[in-house]
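These notes are about the structure you will find just below.
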């Protein structure tokens, strides 16, 4: 459902322009900068490569590095290696669907090239729709179209932009999660639960979203609680909570069961091409044709936690090493902003936070007009979400596993999450409203600044300056921004913006 606010068209146009610029930049830098030779997953290419395949690889090859190799490999060959099961099947299945649309080109392109085109095209679509869904969600939660508009634009400029463009599952996960939150705000609990479940099938940290459903159901319970039949209402709440946990946990449980059937049950192995078997021997990858892995003999044979521990060294405090200091520094700006926003919200609404956002007034007629924007009571659950991601930041959360999350990905996860984007932007807005200098900027100035900053989307310094200056009081930018001019004097606008004294 499209947002009611007309500015969603500008969000759509801006998101498309950002994605086009990102694809152009990745093709350019992939051509002029040599690849880093890391010991990442890099399977051999079994199919012959023609001229068109080489052209596709040259234009889109930058999107197939690191984890993208796993997703492309799974879509092409299935789950052959044990560590492939760290990546959930939602995105590979989407790639296969997209590849079917390219079937008429199979005479010119190999399956690998079709998958790469499918990944780039689908993530383009998912990213644009996610930005629009975030704007829609912001309008419902913040009740302030202006702030929702800027939140969507900042999402397009987040440091996680590169992950949303590459052959990763982040863009699809963001779209499903934002859409699920929007449906939940509209009171469509079952539609929201279905979308959250699909998001869990894309990424394991979708399980965290169970908190949104549980909080919404508890909120409905307390708001409608009466003394006529409280036990019946309580039983209804318990049943709803159970169904929510079951719905969101089912994709994860089914995927773990599939892994168990592949590695722990006899006769489940399937033929594997010889080059891929040799790769498993060379890299010490486990395949189904061998000894049963140790997790098969656990009381609860949970493959996911074993893979994260053995292959990615994810565990309690394992990431806290001296050599990871640069990654901690990289995550520091986002961590400070989320902590700042959380503290601002808690000190402003202490009673709301103590009651977990479930407070109920006995006389609705005496209620004052609720705060708008970041300080709205509806924002509480999103602040909690952002704080949880800050404390346990990472992309490998599964139920209550006591695993420490990688600080390396906390920046992209927090910047890419709906909660953190809203918190960062609106916290800066609220604080600037209390005393930061005001400036008057026209639509073109804002417009040029956003496009210029897309070239520097990985800079936290640029983001912090944008937040405090762009959202200063006294500015009245029109939501109907002109169309992006990618051929304009963006460099001059960026220099004048970052050096106001020149």
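Using N, Cα and C of the backbone, Cβ positions are placed for all residues, glycine too.
TrEMBL has this to say about the protein:
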type     : residues : note
TRANSMEM : 12-33    : transmembrane segment
TRANSMEM : 85-102   : transmembrane segment
TRANSMEM : 114-135  : transmembrane segment
TRANSMEM : 147-168  : transmembrane segment
TRANSMEM : 189-214  : transmembrane segment
TRANSMEM : 234-260  : transmembrane segment
TRANSMEM : 328-352  : transmembrane segment
TRANSMEM : 372-392  : transmembrane segment
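The largest share of C-beta pairs under 8 angstroms with the transmembrane segment (234-260) comes from 85-102, of the ranges 85-102, 114-135, 147-168, 372-392. The transmembrane segment (114-135) is not in contact with the transmembrane segment (328-352), judged by fewer than 3 CB-CB distances under 8 Å for residue pairs 6 or more apart in sequence. Here the transmembrane segment (328-352) does not lie next to the transmembrane segment (189-214) in space: the count of CB pairs under 8 Å, restricted to residues six or more apart, is fewer than 3. The stretch from 12-33, 189-214, 372-392 with the most CB pairs below 8 A to the transmembrane segment (147-168) is 12-33. The transmembrane segment (85-102) shares more Cβ pairs under 8 Å with 189-214 than with any other stretch in the list 12-33, 189-214, 372-392.
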